[in-house]
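J.: Not my notes, these are from TrEMBL:
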- 1-10: compositional bias 'Polar residues' (COMPBIAS)
- 1-24: region 'Disordered' (REGION)
- 37-57: transmembrane segment (TRANSMEM)
- 69-90: transmembrane segment (TRANSMEM)
- 111-136: transmembrane segment (TRANSMEM)
- 156-174: transmembrane segment (TRANSMEM)
- 186-207: transmembrane segment (TRANSMEM)
- 227-245: transmembrane segment (TRANSMEM)
- 266-287: transmembrane segment (TRANSMEM)
- 307-333: transmembrane segment (TRANSMEM)
- 362-381: transmembrane segment (TRANSMEM)
- 387-407: transmembrane segment (TRANSMEM)
- 419-441: transmembrane segment (TRANSMEM)
- 447-466: transmembrane segment (TRANSMEM)
Amino acid sequence: MDGQNRSSSICPRPRSTATAGKKKKEIPDRVTLKKEIGLLSACTIIIGNIIGSGIFISPKGVLEHSGSVGLALVVWLLGGCIAALGSLCYAELGVTIPKSGGDYSYVTEIFGGLMGFLLLWSAVLIMYPTTLAVIALTFSNYVLQPVFSNCVPPYMATRMLSATCLLLLTWVNCSSVRMATRIQDIFTVGKLMALGLIIVVGLVQIFNGHYEALTPQVAFSLDRMPSVGQIALAFLQASFAFSGWNFLNYVTEEVVEPRRNLPRAIYISIPLVTFVYTLTNIAYFSSMSPEELLSSNAVAVTFGEKLLGMFSVIMPISVALSTFGGINGYLFTSSRLCFSGAREGHLPSLLAMIHYKNCTPIPALLVCCAATIVILCIGETHNLINYVSFINYLSYGVTIAGLLYYRWKKPNLYRPIKVNLLVPVCYLMFWALLLGFSLYSEPVVCGVGLVIMLTGVPVYFLGVHWKEKPKCIYNFIERATYVGQRLCFVVFPQIDPIEIANPSEWTDRSSGRSSLSANS
């Protein structure tokens, strides 16, 4: 899997080719990842990844585990606050360790290869393929809902439509970074408009006096007292809806002026999503009883059927467009995780290559697409959400604990952003409580998540740590890499000469190698 030493290979000199009667095809001056993500696109990546299928699936799970409307709304609001605390920590890490790969790159830098590989292993094996599969299934269910209005859409129909959507968006992401980010921009605006429609209709209902379920005496009335473990599971369901707040950190190297735009995008996006989510749930409860919401498999569609009449078809279309944009965002960012892992030598080196002309990580995108299609036919949606939410929270906690350890390990490191210590400490306290009660309440779900992560230990020692492999293995890997390069037209990206000349401020001030101290 060792591709680290080859990642700086120099590509052929720039040239143009022309054939008789054909237009010249210019080959880029340098084959490298392009910085095409400005502040607007950075915000839409965060918002677009957070607002996928979660707000249309998780309200049912949050209400079921919390036991009352009022407590469910509190869970949604606190879920946004916790995501905000975590995003502040990731803003510091993102500008201190300016590498793509998010959690994986930070944990690898702070704790070493094994810990980073375990996060990478669980993410590539289950976390991101499962999340993509859940969003794709939600997309197909909402698209097919008007066609099969009196029954559940057929199993094969949903899987085939989900796979078709994945293949289409994989092709888009393979073709152009700019096209993928434009799709993200457009569909993020579309999903905000869809949620805006739900909020406006809900507010109209409230102004017309339909807010019985939201009055304190009704909202907090409990038919049964939820256990602490049940409340923890409600937070896990809400965390699925908020997952994606850290995804801009996966594409740091493609962000224009990341030290400025990465934290700005986080500060804009997280409060906006929390505000929209809370109002959306209030709108749901203004027109649907808890029993109706719990019995619905498509909450937004049921909402539209009750209040929009003949225009109710707008709702499944809007939700489908929302989840379509979510699939695009997850493909875009999760493929960069595979790319970063291969660049560090933790995955086959082919995954660290990009198309010689489009400068897109085609092999990594194809692996993400294939893994998702495999997951599509496995598991039930709510169980999959529980597995993913547990692994997500585990990786968040380890990463933010790494921030504290890194502060102690390298106190003089230049940090453009340095959050108050109370921020990571408060997040970790909540994280420990949530994980502890989740383990107590759902030991099987959490145990399966831990087992999935730990299966990466032997893979790491055999695939990464063991350097003296038989020659036949190296020959096979080299041959497979060569075939993959020929099929995908990919090469190793060149190192940015600016980064070589100025290794950024990502050095310890006390070592005297910092670009700041060099200029002073």
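One-based numbering along the chain as shown.
Even glycines carry a Cβ here, placed using N, Cα and C.
Can you tell me where each of these features sits in this structure?
T.: Sequence-distant contacts of the transmembrane segment (69-90) (same chain, at least 6 residues past either end, Cβ-Cβ under 8 Å): 59, 62-63, 102, 213-214, 216, 218-220, 222, 226, 231, 234-235, 238-239, 241-242, 245-246, 249, 266, 270-271, 273-275, 277-278, 281-282, 285, 290, 396, 399-400, 403, 419, 423-424, 426-427, 430.
Same-chain residues lying 6+ beyond the ends of the transmembrane segment (227-245) with a Cβ under 8 Å from its Cβ atoms: 46, 49-50, 52, 54-55, 57-58, 61-62, 64-67, 71-72, 75-76, 78-80, 82-83, 86-87, 90, 131, 266, 269-270, 273, 277, 329-330, 385-386, 388-390, 392-393, 433-434, 437-438, 440-442.
Remote same-chain partners of the transmembrane segment (266-287), defined as residues 6 or more beyond its termini with a Cβ less than 8 Å from a stretch Cβ, comprise 43, 46-47, 50-51, 55, 59, 69, 72-73, 76-77, 79-81, 83-84, 87-88, 90-91, 192, 195-196, 198-199, 201-203, 205-206, 210-211, 213-214, 219, 241-242, 245, 248, 293, 299, 303, 306-307.
The list of residues near the transmembrane segment (387-407) in space but at least 6 beyond its ends in sequence, with Cβ under 8 angstroms from a Cβ of it, reads 86, 89-90, 92-93, 96, 103, 106-107, 110-111, 115, 119, 122-123, 126-127, 130-131, 134, 236-237, 239-240, 243, 246, 379, 413, 421, 424-425, 427-428, 431-432, 434-435, 438, 445-446, 448-449, 452-453.
Non-local neighbours of the transmembrane segment (419-441) in the same chain are 82, 85-86, 88-89, 91-92, 227-233, 235-236, 390, 393-394, 396-397, 400-401, 403-404; each lies 6+ residues outside the stretch with a CB under 8 Å from one of its CB atoms.
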J.: Sequence gap of 6 or more, Cβ distance under 8 Å, 3 or more pairs: do the transmembrane segment (156-174) and the transmembrane segment (362-381) meet that?
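T.: Yes, the transmembrane segment (156-174) and the transmembrane segment (362-381) are in contact.
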J.: Let me check one thing: do the transmembrane segment (307-333) and the transmembrane segment (111-136) come into contact, meaning three or more Cβ pairs under 8 Å with sequence separation of at least 6?
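T.: Yes, the stretches contact each other.
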J.: Can you tell me which parts of the same chain pack against the transmembrane segment (186-207), counting only residues 6+ beyond its ends and a CB-CB cutoff under 8 A?
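T.: Apart from its flanks, the transmembrane segment (186-207) reaches 44, 47-48, 51, 55, 214, 276, 279-280, 282-284, 286-287, 300, 303, 307-308, 314-315, 318-319, 321-322, 324-326, 328.
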